[in-house]
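Report on one structure; see the data block that follows.
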């Protein structure tokens, strides 16, 4: 599949979320939230099961002939053949699976969060919401690690067949489908426990009666206090309009959408940045990226929830706290400029082949007769310290496959300098893998970037709590649904696309197959990539800070000297007397 098709599969989850979030959050607010969560578990399990189905209907995996990576002076590698296959129809099964998963995720993040907020006092709910959001980060981390381990098992592991190939072989396919079956079983095991919860946890009514409204006071915020408003779907347009007129809410939504664009972009492309900047393998770069992103994000979410809960921050103070953490994250995001590294020498890209050939052309006189494939990227490091696209482009005719890493001899493109030892004393002329980078900035980069991630996500829980506080009590679920819809439309859907286009603009060597069709990028301009990523990060951070600051400026809490109507889901119209004592008012959540 082309990258555009795999991107379509990935974004199908967000598309389903966008289409359903407003409907589910509006209807579910009045309904039985735990049963909605049971429905979410059912749909998540069903989506995971559907996603695994192609494995069981596509038959046994056919290995194909082994690939020769050394220089073959006779015959052509292969002609231009069509890559179309009947298996491409399974694309629609994958999309359907993702749509079902997105349907299940919608109640989880909107109604689930509102249910937690319903059931806890104001100053405690931020802590629990922070824990819940951090679990939504740790969950993918566990899945990432488990998925990586499952890919070390052969795809047809269930058939008890053994093959003579290892993971290093380009034909290897791992058991990708097992993780989806596990997700199916775990999700469906939660259906009955969720169904057993009551509509409201014991003590919810007393908790609701003890809360003080912090709804933003605008021209439209105190309308629609009729007890029957919202029970009918015909009230949906009026409810949505009322929400959109809440300027503080809209500022916070735009702020989180801008932040989501950056975080989803980095979640997708941070491993690629680390791999290219610091000369690491893709698997190790992905591991490092996950080791920084996942704990940093989880720690930030929990810390944000703990601090808001500990200091019992009011709505305005919560927004100020989020503004402060975003400012610190903005300063730290310049780490990409200070820790970027120059490209290492690469034959045919940044270095010529012993003074011959043109830059940008991998083929020269020393490998012209090797019939090398440019679509097969298998980098080797020559003993001259220069990296080559593959053993074939290095002109290597012999190899020792039993050695790890694999080594190569008789390489016509690797310069034989008189001051260097002979191939025999050196042990090899080229070895598999990239050359070790001379850049030593990796530890500094990981440390500062980890801090930037912590401060970025530290604003996540406070912003969610602020959204729950600044809107009408009966519109909290709809507010979260609107937030997540906008967050995906403006943030997590375009984010990876914008990052992908930006990173591709820094490419200096593309994959071109036998048919002349351009594919993925193999080599990037490291300095240009670093500068482009800083430009995106800083722009989005400035947008986040601007709208967060605007929300703080525009927010008007209910007056302290009047009774504020707090719309309780059980007893609409309960009057809560607000004390005039500013100390007490300041300590309330």
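Indices start at 1 and increase along the chain as displayed.
The backbone N, Cα and C atoms fix where each Cβ goes, and this holds for glycine too.
If you check TrEMBL, you get these features:
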DOMAIN    1-552  domain 'Major facilitator superfamily (MFS) profile'
TRANSMEM  6-24  transmembrane segment
TRANSMEM  36-57  transmembrane segment
TRANSMEM  91-115  transmembrane segment
TRANSMEM  127-155  transmembrane segment
TRANSMEM  175-197  transmembrane segment
TRANSMEM  248-270  transmembrane segment
TRANSMEM  282-309  transmembrane segment
TRANSMEM  321-339  transmembrane segment
DOMAIN    360-415  domain 'Kazal-like'
TRANSMEM  444-468  transmembrane segment
TRANSMEM  532-555  transmembrane segment
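At the 8 Å Cβ threshold, with sequence separation of at least 6, the transmembrane segment (36-57) lacks contact with the transmembrane segment (444-468), having fewer than 3 such pairs. Away from its own ends, the transmembrane segment (444-468) comes close to residues 113-114, 117, 125-126, 129-130, 133, 137, 249, 252-253, 255-256, 259, 262-263, 277-278, 288, 292-293, 295-301, 303-305, 307-308, 313, 315, 318-319, 321-323, 325-326, 328-329, 332-333, 335, 338-339, 476, 479-480, 483, 548, 551 of its chain (Cβ-Cβ under 8 Å, at least six residues beyond either end). For the transmembrane segment (127-155), the neighbouring stretch richest in Cβ pairs under 8 Å, chosen from 91-115, 175-197, 248-270, 282-309, 321-339, is 282-309. Here the domain 'Kazal-like' (360-415) has a mean pLDDT of 84 out of 100.
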